[in-house]
Amino acid sequence: MLLYTNAPRLLSKFLSSTPPNRLVRCLSTIHENYDVVIVGGGPAGLALACALGSKSELQNVLKIALVEAGELSRVHNWSSPNGSFSNRVVSLTNASQAFLKDTGSWDYVELERTAPVKEMQVWDGVSDARITFSTSELGLSSTGQSGMARLIETLNLQRGLLRHLHAMPTVQIIDKSRVQSITSDETPGSWPMVHLDTGRILNARLLIGADGPNSPVRSFANIPSYGWSYDTQAIVCTMDHPPKGPFLGPNTTAYQRFLPTGPIAFLPISATASSLVWSTKPALAAALKACKPSVLARMINAAFRLPDVSVGYIHNRILEAHEAGKPLTEEEINAEILWREQSHSINQTSAYSSMVPEASIESRIPPSDVELVPPVVTSIQPGTVASFPLRYNHTETYVGEGQGSRTVLVGDAAHTIHPLAGQGLNLGLGDVECLSRCITEAVMRGGDIGAYTCLLPYTQERYLENHKIMSACDKLHKIYSTSFGPLVQLRSVGLEVLNELDSIKAAIMMSAGSVSRKNNRVLSYNSDARTTMFNVAAKGVESMNTAAHVARVVRDGLTGLAADTLQTVAKAANSYHQARKDVP
Amino acid sequence: MFPTRLLRSTTVNANEIAHFSKLSAEWWNERGEFSFLHKMNPVRMQFIREKLLETAYDEQPEEAVDAKKVGILEGLDVLDVGCGGGLLSESLARVGARTTGIDASESNISIAQHHASLDPRLASNLTYKHAPAESLLTQSKRYDVVCSMEVLEHVDNPSMFLKTCAELLKPSGHLFLSTISRTPLSYFLTIFMAEKVLREVADGTHTYSKYLKPSELLEFFQLYRSSLPSSVNGDSVQTQSRPWITRLYSGEPTRKEAEVRGMIYNPLSASWVIAPRGAWGAAECNYLFWVRKPALNDTL
C-alpha cells in the first residue's frame, strides 16, 4: 500500500522495453514511501525508533525506517572484556531510565556494566566551596540499585537499543547508507525525498533529524540556529583506581571540581574504573593528550586535589614542556607535584595527597577527608584518551516549515550543550519521549504526522524545557570560568547557601530529572514529581536550624566578600600609586 | 457553480459559497486563514473517537473493545458534509473510515482532491464529491456516521439541513456537528475579535444571526422523528421512530442519546480543548454536538 502499488507493473514494462544498463538505473531510483524516516543511528535516533516501534497503538500503522551512515552491526556485536570500559560514558537520569523501561529497551542493556550515582560532590576550584547531593537527602530510597542517575557507556546503551530494534519487525534499519541529499517538490506539503548514496530514495511523510550537531536534516529544513563554541576541549578517558577500602562505601560518588579552565569530572562506572570528562583550554588539552598515560593520571589526581594556584602552575609546566617538544616524564611531574604539596603543607597521609597509596596501607583506617576527593587514579586504560570541542547550540525551532516542512529535529541536531551537568543525552531522550507521544496522539486522531499542527505540541513542550537546562549549564560554565576575587566569593557564598537548602537542592535535582516523570498526556505536568518536590521543599522550610546556619554562612560570606573587595581596591590603588611613582 | 434552480431547493447559501471559494487556496496553509480549524481538527477527532468508543463500551463486552486501536472507524461509511478543503475527511479516512466528503464549492473540492492525492494512504478510502447534501437523498446509500463540522452556521435553512443530515444516517448512526452558539460571548470572540480586531479570520466569515444555541439543537431533536421504512413494521401503524432525544434532565440530554460539549481555545498553548461534561459556560461559544439516530426496533 505504501510502496507505489503500480511499481511491479512499471517494472515489467521496463523489462520489456529498456536495455539492461538503463534498467539498473531505473531500478535504483524507485521511490520508497515511509511514514517516518529517522536519520541518524545514535542513541537518540535509536531510542526514537524503539519508542515508536514498541507502541502498541502504532503496530501496523506506521512504516518506519532508520538511516545510518555507519555500520550498525559493529555496535550490535560490540563487546568489551570485564573491567575495561569505553571512554564515552553518559549519565542517564531516572526520568530517562524510566522512559527506556517503558519502551522495553532497558531490558536489553547490560546492567552489570553500569553504575548508579548515589552521591555527588561538586566544589569550587578556587575557593573550595562545596555542594553535595545525595540520594538520601532527596527522599529517594538510598538502598537498592537506584541512585539519582546511572552511568552507562554510550555503546552499551546503543547496543541495547539495537538489540531491542532487532527484536521488533516494525522498524526497517538501513545502515551503511549516507544521506547524499534531501530534496522536495515545489508543491507545498509534499514529502521530502532522502537520497542515499546507495541509490535508494526514501520519501518521508515525516523526516526526523537525529543526525547530530551537523544535521543534514536541519540544513534541508533551513532551520537557523544560534550558539557559540566554548574555548574549551573535553578530554575523556577511562581511569583505573584501587577499590574503595573496607571502611568506605562503594564507588558510587561522582566528583566535579570547577577549575577556572573548566570543570573536571570523575564518574564512577565500576568498583575499580571510572570515567573522566575534563573540560579545559584547547592548548592544555592538546598538551595533556600528548602526555604519557601515567603522566596524565598524575595530572588528573593533582587537578582534583591541589589548590588552584598550584594546578595552574603545573599546567603551565606541562604546556611549556609540550611547546618545547620535551614532554615531562613521570618522575619530573611527580617531583613537581610533591614539591607543590609540601609547600601547601599537605600531609602525605591526607586524602589530598596525590601519591599512589602503597598496597600495605590500603586497609588502614582512611583519613577523615577521604570522601571529599575521588580515589587516586593509578592508570589510564590504554587507547581511551580522546578529546572533542565543546559548543553551545540551539536551533530557533524544532519543526521545519515551508519548503522544509515535514521535518522535525531531536537531540543534538536541535541542541548541543556543555557536558558539565551530564544533560546532553537526557535532553535528547526527553525530546524522543515527547515526540513519540506526540506522534501516537496524532495517529490516534487521524492526523497527518508530518503536519505542522501535529508537531506543534512537541516544540511547545520541549523548547522551553531544553532552553532552561541549556542556559543553566551555560551560565554555570561562565560563572565558574573566572578567578576574579569578588565573583569567586559571591559564587562560593551562593553555593554554600544552596548546600544548606535541601528544598532548593531537591528542586534542582527534580528539574535535572532525578525523579522520573510519568507523563502520559501531551502538555501535562506530572503530579507525582511535583508532590515529591513540594514535600521535600516543605521539609526544608521546617528546619529553623538550617535557616540559622544559612544566615551564618551568608554573614561569613559577605564579610569575606567585603574584605576581598577592599583588598582588590587597595591593590589597585597601590599599583596606581606605584605606576605614578615610576613616572619620572 | 450550481444552476439557480438547484440552489433554491437546497440549504446552500450562494454568498457563503462564493466567500469560501475565494479562500479555498488557503485551506491547507496551517499558519494562515484556517489555522484555527487545523488546530480544532484533533479535538473534533478526539470527540468522535471518544463518543464511538463510549457507545462501543455500552453495547459490547468490555474486553471486545480495544481502546488503543487506531482504526476505531474501520469499515464504517462516513459522510463529511461541507468538507471544505478536507481537513476532517482526511483524518477520518486515515483512521480507517470509508469517507465521502461533499462540499457545495467546486474549488474547495478540487483543493481537497489535490491535497488528498499527495498522501498515498488516502487513495483507497476517501472520495470527494461536489454536491449539496440534499442531492444525496435521492440515492439509496446511507451512512454510519455523518459529520458536519463548522457548517451549520453557514447554511440557509438549518432545520432543513439538519433533517437532511439525519435522513442520510443509517438507523443507530451517529450525527456529529460542531458550530457556534448565539451569545454575546460568541459575538465578541468569533466576530468582533477574530474578524474585526485580530483579523485572524477573514471579515464576513460569520454571521451572528445564523448561529444556533445548543438548546435549539436539542429542541429540534426532541421533536424530530425519523421516518421508518413501512416494511419493517408490517402493520404499517408505526411509520415514525421515537424522537431522537426523548427527554432532558435540567436541560441536559441523556448520555446515550445526545451530548453537547464546549470547545475552548487556549491562546497560550494555541490549541483547543474539549471542556469537561457540564462545565459551566463552556458551550457559550464553540461547541460540539452529538446525537444518535434511534435503532430500527427502538420505537418507544
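Keep in mind that glycine also has a Cβ here, set from the backbone N, Cα and C atoms.
Curation plays no part in TrEMBL annotations; they are all automatic predictions.
Keep in mind the model is a prediction, meaning the values are calculated, not measured.
Taken from TrEMBL as is:
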- B:ARG44, B:GLY82, B:ASP103, B:MET149: S-adenosyl-L-methionine binding site (BINDING)
- B:GLU150, B:GLU153, B:HIS154: Mg(2+) binding site (BINDING)
Provide, as an integer number of angstrom, the distance between the C-alpha atoms of B:ASP103 (S-adenosyl-L-methionine binding site) and B:HIS154 (Mg(2+) binding site). 12
What is the Cβ neighbour count of B:HIS154 (Mg(2+) binding site) at a 10 Å cut-off, with all protein chains included? 23
B:GLU150, B:GLU153, B:HIS154 excluded, remaining Cβ within 8 Å of their centroid (Mg(2+)): B:GLY82, B:VAL151, B:LEU152, B:VAL155, B:THR179, B:ILE180, B:HIS206, B:LYS210
Reduced to three states, what secondary structure does DSSP give B:ARG44 (S-adenosyl-L-methionine binding site)? helix
For a quick check of packing: other C-beta atoms within 10 Å of the C-beta of B:GLU153 (Mg(2+) binding site), how many? 22
Can you name the residues of this chain that are 6 or more positions from B:MET149 (S-adenosyl-L-methionine binding site) yet have a C-beta less than 8 Å from its C-beta? B:MET40, B:ARG44, B:ASP80, B:GLY82, B:LEU88, B:PHE176, B:LEU177, B:SER178
Under a three-state DSSP reduction, the secondary structure at B:MET149 (S-adenosyl-L-methionine binding site) is strand
Greatest inter-residue Cα distance in Å for the S-adenosyl-L-methionine-binding set B:ARG44, B:GLY82, B:ASP103, B:MET149: 19
When each of the binding-site residues B:ARG44, B:GLY82, B:ASP103, B:GLU150 is scored by other CB atoms within 10 A, the minimum falls on B:GLU150
Helix, strand or coil for B:GLY82 (S-adenosyl-L-methionine binding site)? Use DSSP. coil
